[in-house]
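Enquirer: What follows is a structure written as structure tokens; I'll ask about it next.
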Amino acid sequence: MLQVYNTLTREKEIFKPVKEGEISIYACGPTVYNMPHIGNYRTFLMTDNVLRALEYLGYRVKLVMNITDIDDKTIRDSKAAGMTLKDFTDKYTAEFFKGLDMLNIKRAFAYPRATENVDGMIELARKLIEKGLAYEKDGSVYYRISGFPEYGKLSRLNFDNILIGASVDVDEYDKDNPRDFALLKASTPEEIERGIYYDSPWGKIRPGWHIECSVMAMNSFGPTLDIHTGGVDLIFPHHENEIAQSEGATGKPFVCTWIHGEHLIVEGEKMSKSKRNVFTLPEIVEKYGGEVVRFMFLSVHYRKKLDYSEAFAENAKNNYLRLKETLDNLEFSLKGADDKSYPGDLETLKALPELETQFRHALEDDFNTPRALTVFRELSRTANLYLEAGKNRKVLEKVHTLYRKFSDVLGLFAQAGKEEIPEEVFRLVEEREAARKKKDWGTSDTLREKIRTLGYIIQDKKEGPNVKKAEES
């Protein structure tokens, strides 16, 4: 039974989708004004983990992630770069997708851009004005938060602190100073000169940040969606304002379950440019590899802060490589498998269903990937114990199938097995194993060298030889 922690209720709840068997997810995507740092990608990976787990659990899932390509930051920084807003945001949108590929993050069903949905934003603002929940002032349109009594229910804001009639134009502001926020902003003369404006009943405007997500989410799924994901930093004001806009307009619940990922910190401190501890994803991937970074993120529950350090990353790398080595051993051993019976056959086959049950329960418990990795390591141990003496084809195939199922759900080892070990190398390894059993060490060394000249290395382990391409060592 799937249980998910809901930020709205601050409780772990039994999850029930709006439509049985189908799940809608809207994820706050990147604001494309710079290279996203590793903390941003931790949140994107959290959404990917939720998607993969739900699919494994048998749901049909539709994920939509937005691209914020017009807001205060994109306008400011595109000007500083001397680029048009579109050219500037296209550049960083491309970088965002490169990062997804580095981490083997599955593509969403759609990536709507804010600039493609402005008509819907103008319509939502008009509807809110009609309901008395918004008003025009100096060419901008503001949301009247005093008109929505439930304002603050997500962030647990004290409604008594609301400043009646006070408004704020910036997209991000403090929880202790809640004000009427801008739905649509009057374009400045400079923005109009740069072509950053849209015609509306209130003049030339451009959208505020918060209305963008309300419109793109409801355009994708209607008034109510199952899950909305994002980082904890978005709870206020962004997600709070999404609720006010959407529910104020429709009178229906906007999101059933809110899922928020905690911060990534660096050696106990918040990332900041002044401390020179802000790392982009390419920097970390170049050092450790994309799958190691993914493994590192998986090893800490999404609702806990991840404290990044080189020691932590090295530990993740070592654990990842141990699991990868087991997969390599399994796939190599399958080439030499037979139909004989071995002492560990029944015990190994008996262990597999229980391990999958444990793996499933881990994911059903609020997408607990650290616990799922613990089960994965136990499967690795079971596989290695069997490989020490057994090579029954049926057993190896079942172990390998479950191993691959776990790795696919966790998004690991995507490239493993795509390049087959050449038949010539496999034959030489078999000949070398035969020589080793006869203690013919001279022939064994000669064959090792032949294997090396073909671009592969061999490592002798108690569970059998491990063959890798030379550059992987």
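Cβ atoms here come from the backbone N, Cα and C positions, even for glycine.
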Enquirer: With Swiss-Prot as the source, which of 30-40, 74-84, 228-238 is set down as motif ''HIGH' region'?
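Expert: Feature motif ''HIGH' region' in Swiss-Prot: residues 30-40.
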Enquirer: Name the residue range among 270-274, 365-369, 435-439 that Swiss-Prot annotates as motif ''KMSKS' region'.
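Expert: Result: 270-274 is the stretch Swiss-Prot calls motif ''KMSKS' region'.
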Enquirer: As a test of reading the model: what is the averaged pLDDT for the motif ''KMSKS' region' (270-274)?
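Expert: Averaging the confidence scores along the motif ''KMSKS' region' (270-274) gives 82.
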Enquirer: Around GLU242 (Zn(2+) binding site), how many other CB atoms lie within 10 A of its CB?
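Expert: Around the Cβ of GLU242 (Zn(2+) binding site), 28 other Cβ atoms lie within 10 Å.
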Enquirer: Neighbourhood of the Zn(2+) site (CYS28, CYS213, HIS238, GLU242): other residues with Cβ within 8 Å of the Cβ centroid, in order?
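Expert: My list of surrounding residues reads TRP209, HIS210, GLU212, SER214, ALA217, HIS228, GLY230, LEU234, HIS239, ASN241.
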Enquirer: With an 8 Å cut-off on Cβ-Cβ distance and a minimum sequence separation of at least 6, pull the same-chain contacts of CYS28 (Zn(2+) binding site), or say none.
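Expert: Those within reach of CYS28 (Zn(2+) binding site), by Cβ under 8 Å and sequence separation of 6 or more, are THR43, MET65, ASN66, CYS213, HIS228, THR229, GLY230, GLY231, LEU234, HIS238, HIS239.
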Enquirer: Calculate the distance in Å between the alpha carbons (Cα) of LYS273 (ATP binding site) and GLU242 (Zn(2+) binding site), and round it to a whole number.
Expert: 29
